[in-house]
Number of protein chains: 2
Amino acid sequence: MINVSLLGCGGMMPLPNRYLTSMIISYNGKMILVDCGEGTQVSLKILKWGFKAIESICFTHYHADHIAGIPGLLLTIGNSGRTEPLTIIGPKGLLEVIKGLTIISPNLPFELRLLEIPSEEEIVERVGDFYVHTIGVDHTIPCIAYTIEIKRKRKFDPDRAKNQNIPMFLWNRLHKGEKVIFEGKIFTPDMVLGEERKGLKISYCTDTRPTERLVDFINEADLFICEGMYGEYESIDKAMANKHMLFSEAALLAKKGNVKELWLTHYSPALKNPMLFLEGTRNIFKNTLLGEDRMSKVLCFE
Amino acid sequence: MINVSLLGCGGMMPLPNRYLTSMIISYNGKMILVDCGEGTQVSLKILKWGFKAIESICFTHYHADHIAGIPGLLLTIGNSGRTEPLTIIGPKGLLEVIKGLTIISPNLPFELRLLEIPSEEEIVERVGDFYVHTIGVDHTIPCIAYTIEIKRKRKFDPDRAKNQNIPMFLWNRLHKGEKVIFEGKIFTPDMVLGEERKGLKISYCTDTRPTERLVDFINEADLFICEGMYGEYESIDKAMANKHMLFSEAALLAKKGNVKELWLTHYSPALKNPMLFLEGTRNIFKNTLLGEDRMSKVLCFE
C-alpha cells in the first residue's frame, strides 16, 4: 500500500489555500519527497505523516517555489530525532544550492548525501524501496522529471525450491533476500522466488513544456502528477515563453502516455478557479483530477 | 497614521494557524518588514497591503524561522513591479546569508542594498520615514533588537516666520523642507517650524534572554512586540539554555520599560494554548496581548 499526497499545488508564490509545489510518497514506513516549496512543512504537519521517515528529498529544479522550504524542513527533520543520513537528489547545481540554503540551517544531526543528476539521459537511483528515475525536461533552467517506481516483492515459490532440492531450513532466509552458502553451494533468493509482479509507478513532472521523451517516461504510470500552469488556451504564448504547460497540454501528455490518472498541479497564482477548465481538459483525458493541497490517494498493487 | 501587523507569531516551525516570525509597519505609503519566516508572503497576501512598497527588510538574526521566507518574498516583490533599490538590514553575516539564499532568487529587477549592523552599540539608520534603531541582544548566535521610530512632522509656525521677516512667498517651500537662498540670505525649514512633537515608537525583540540594555531601548514604546517562547515558569531552564524568554520575563521587561502595550510572539510549537498563561502575565504587565497571525493595530500620533 502506497500513500501519495500533493503537499502544495501552487506555482510562483504561496497563497492562503495553495502552498507551493511539493509531493510526498509513503511506503513501508519510509517517505520520499519531491520538491519542497514554502508551505511543505505545514501540509506535512496537517497530514500527520511525521518527518523522521523522510529518506530522500528530490528537486526538479532550483526556482524558489520548488525549494525554499528546505532549510526549515531540514531543521524540523532534525528536531524529529533523525540521525540517519538523508539523500538529496537534484539536477546540476545541487551542491551549490544546498550549500547556499543550509547557511540558515547549520549543525543538522544527520548527514546530507547529495546526488547531482545529469539531465541528458535517463538515470535510475535506488533509495530504499523507491526506484527513482529521472530525465531532463524543457524549462528555462536545468530541470528534471521524476518517476518513482515501487517494485512488488516476488512471491515465494515452494515448487521451485523443491525442484532445485534446496534444503527447507534455508527457505526462510532466502525468501527474506539473504544469499546463503551451504555445503559449498551458493543459494540465492532468486532461486526460490516466483514470477516478477507488476509494481506501481508515479510520475511527477513540473516545470516544463511537453516533450516527446516525457511520453515514454510516464508510460502507463498509475498516477501522473503534472503541471498545469495555465487553464485557458489563450495563454499558449506565455506558456511557451515561460516554458510551462496548459491544462490541455498536460492532458494530451497523459493520453499519449496512457497513464491511469492525471493530477494537475503548479497553478499560476492568477488562476483563481481551475474548475473552469476541468471539463475541457477531461475531453482530452477523461481521468483528470484538479490537484489541491493535501489531496491524497492510496495506491495498491494489482 | 501607522499600521502595524504581526505576520507570523510562531517560532521554530510553521504551523497551520501560526506562520513563522515576521512583523510589518506601514506608514505614508511605505513599509518596513522585520524578520521574514516561512508564511510571511501568505500573511501579506491575506492582508492585501501589497508588496511593492516594502522599503526595507530587517533581520534580528539568521535562524531559518526568521529568514527562510526571503528568497520567495524577493521574487514576489520583483513580480509586483518594483525597480527601486531595497535595503536589507541585519547583524554580522548578512552578506554571506543573503548571497547564500538568493541563489534560488537570482536576477531580481531591483538592487539589494545590504547594511550589516554591528551589535556592540546602539545604531540608528534612516530608511525613508523610518528611523531604525538596533542593539545587540543575548541569543545563541549574533542577534539584534529593533526599535522603529516614526517622527511626527513639526507644524508650520507663521508667528516665527513673521518675527524673522521671512517673505511670505517662501513659506510654502520652507514648510515642505526646502532650503532657500533669497537676496543673499539663507532660509532653512527649521526657521518656520514649531516645536518638536512626540512621534511613535515600536520595539521588536526576539530571540533573546531579557537584558538590562533592552529596558532602556524599549523605554516608553507605544508598542512592544516581544518573544514569549514559553508560557509556564517550569521552562525557565530551557529558556536560559536556548536563550529565550518566558511570558513572565517579557512582561517584566515591558513593565520596566514602561511601554504602552505588549504583544507576545514567537511561541514554541509545543505551546498549543498561550491563553492559559495570559492572566498570570497580565498580573505582571496589565496591557499584554497574545499575538496572533495578522493581528494588526493602527497607531496615531497624540
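Backbone N, Cα and C atoms are what each Cβ position is placed from, and that goes for glycine too.
Summarising the annotation, TrEMBL assigns Zn(2+) 1 binding site to B:His61, B:His63, B:His139, B:Asp207. Taken residue by residue with DSSP, B:Asp207 (Zn(2+) 1 binding site) is part of neither helix nor strand, so it is coil. Taking Cβ-Cβ distances under 8 Å and a sequence gap of 6 or more within the same chain, the neighbours of B:Asp207 (Zn(2+) 1 binding site) are B:Gly11, B:Thr60, B:His61, B:His63, B:His66, B:Val137, B:His139, B:Cys143, B:Glu227, B:Met229, B:Lys243, B:His244, B:His266.
Non-local contacts of B:Asp65 (active site, proton acceptor) by the CB criterion (under 8 A, 6+ apart in sequence, same chain) comprise B:Gly10, B:Gly11, B:Met12, B:Met13, B:Leu20, B:Thr21, B:Gly37, B:Glu38. Classification of B:Asp65 (active site, proton acceptor) by DSSP places it within a helix. Annotation source TrEMBL lists active site, proton acceptor at B:Asp65.
For B:Asp65, B:His66, B:Asp207, B:His266, the entry in TrEMBL reads Zn(2+) 2 binding site.
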Position of peak Cβ density within 10 Å, selected from the binding-site residues B:His63, B:His66, B:His139, B:His266: B:His266
Intermolecular Cβ proximity, recorded positions B:His61, B:His63, B:Asp65, B:His139, B:His266 versus chain A, under 8 Å: B:His63, B:Asp65
Listed in sequence order, residues not in B:His61, B:His63, B:His139, B:Asp207 with Cβ within 8 Å of the centre of the Zn(2+) 1 site Cβ atoms: B:Thr60, B:Tyr62, B:His66, B:Thr140, B:Ile141, B:Cys143, B:Thr206, B:Thr208, B:Lys243
Shell of the Zn(2+) 2 site beyond B:Asp65, B:His66, B:Asp207, B:His266, same chain only (C-beta within 8 angstroms of their C-beta centre): B:Gly11, B:Met12, B:Leu20, B:Thr21, B:Asp35, B:Gly37, B:Thr60, B:His61, B:His63, B:Thr206, B:Glu227
Neighbouring C-beta atoms (10 Å sphere around the C-beta of B:His61 (Zn(2+) 1 binding site)): 25
